[in-house]
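Some features that Swiss-Prot has for this protein:
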SIGNAL    1-26  signal peptide
BINDING   40, 88, 224, 225  Fe cation binding site
């Protein structure tokens, strides 16, 4: 008995293949998107819950640190299972973008965020922001003794009087801004003086706790740590004050948290929709009401009323697309900080 191979006509074969392709596409969409997330988990969970409720698109989060996930994406390349990358700071976004791993974002999405909070090339976008701040214990340091600039912390009189977390992505982002603003030579000199003057702690929250307990007079961290603690019990921040350098000082640097869609994503439409949602009115409104206490960056969006308004911080103009994490690590290593 012979097999009948041509029982389906050309039209039927075409229809069959189209149905199979559509089914595979639908199955792929049903799986939702995978986000490599280095942002605060509670904030991103609020975003994910709102997005899924509105769109029905499922989201799987893989949480980690800026540098950890950024380097992982570079290593995985086009084979990465990630559809979206979210960070706390810009340098990790620059790392991934330099590896040519991001897809261009939709024009409508880019238009939702103020131009100063997104790179002009349009391959990633600001999703939130945080300000550098000098925290101090008024029992140890009077207002008259406060430094005029972040650069003053390199002076001999600050030896043993301030703290930071040099191994963290947050502080390294601050150094990356210093590098862009002042250049390699000045940055290395400041880092070497820092090595002599400061006390190292692991994590910004640990720096805050140490200042609060009077173990060290002051520290350089991001603004939201005391606000987050104050919204809970305040036990780790009740004894500290916040000082904003302003005057476009390197210490007034505002770091942009970034979001981007991987070019290798098999769920481009859904991934683009997620970035559009979190930078839109609903996503940015969550920043106003959520206890993450980060700044909203959307056009016309309001931040938490407890925060000093972004426009009043007088931050330096820094091109987030130029922040160089690799060079920062090299310089900090040379200075003996890593």
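Just so you know, glycine gets a Cβ as well, placed from its N, Cα and C.
Annotated features taken from Swiss-Prot, shown on the structure.
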{"residue": "40", "record": "Fe cation binding site", "CB count, 10 Å": "21"}
{"residue": "88", "record": "Fe cation binding site", "CB count, 10 Å": "24"}
{"residue": "224", "record": "Fe cation binding site", "CB count, 10 Å": "22"}
{"residue": "225", "record": "Fe cation binding site", "CB count, 10 Å": "26"}
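Shown in sequence order, 130, 170, 204, 222, 228, 292, 293, 294 are the same-chain residues outside 40, 88, 224, 225 whose Cβ sits within 8 Å of the Cβ centre of the Fe cation site.
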